[in-house]
Amino acid sequence: MAKAAEQKQNPTVASAEAKLDIRDVVNTAITYGEDNRHGGGKRNDVAMFVLRAMCMAVSTVAVTLMVTARETSMTTLYGFEFQLHAVWSLSDSLIYLVVVSSATVLYSLIQLIISGTRLMRKSPVIPTRTQAWFCFVADQIIGYAMVSGGSAALGVTNMNRTGIRHMPLPNFCKSLGFFCDHLAGSIVFALFAFLLLAASSLLDVLHLSRHR
């Protein structure tokens, strides 16, 4: 009789132990997943901080190159010698690029300060879904403004290098090499800033998926 009772109790004990084991596995998996999300979030926060710093630096270089683009030189057309005076502020497209790049510098600086402060406090750089949406939309707007400014300035630079096909105008960049090089450099850095903003947008999407 004792053996029979013992055999009846064994399945119950085994079932209880199995339930405990399953709970332990589930709890361990949940803890592991949370740790992974936390670690991934920290890496994304650091990556976001680095991208903001790089974007601010690159945009600053773009502005600096553009506002220092000025040169006076001489050129010959139809046997006559003319003085050329090139300044970035004479073109609306170049002014637009400077304004957009300056706005990107200011935006990146604000985001950099916020990110750095939160990293020092060991809190999430983007703590809420609403802020993630705001950063995503802002990155998209600033990014497309940068690429539009770079495209507009590229047209001016290309015309300076090739002249105008329907008019016998020379390649002004042969005489204004310093000016054209600064324009080209500013455009390259502006487009690079756009790529950095696009990368920041991807991190914004990751934050949005995490805050579902």
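Heads up, the Cβ atoms here are built off N, Cα and C, so glycines get one too.
Note that the coordinates shown come from a computational prediction; the quantities given were computed from them, not determined experimentally.
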Swiss-Prot topology check: ASP45, ARG129 same side of membrane: yes
Positions on the same chain near the transmembrane segment (94-114), where near means CB under 8 A and six or more residues out: 49, 52-53, 55-56, 59-60, 62-63, 66-67, 69, 88, 125, 135, 138, 142, 145-146, 148-150, 152-153, 156, 183, 186-187, 190, 193, 197
Secondary structure content, the topological domain 'Cytoplasmic' (115-135) (per DSSP, counts of residues): 13 helix, 0 strand, 8 coil
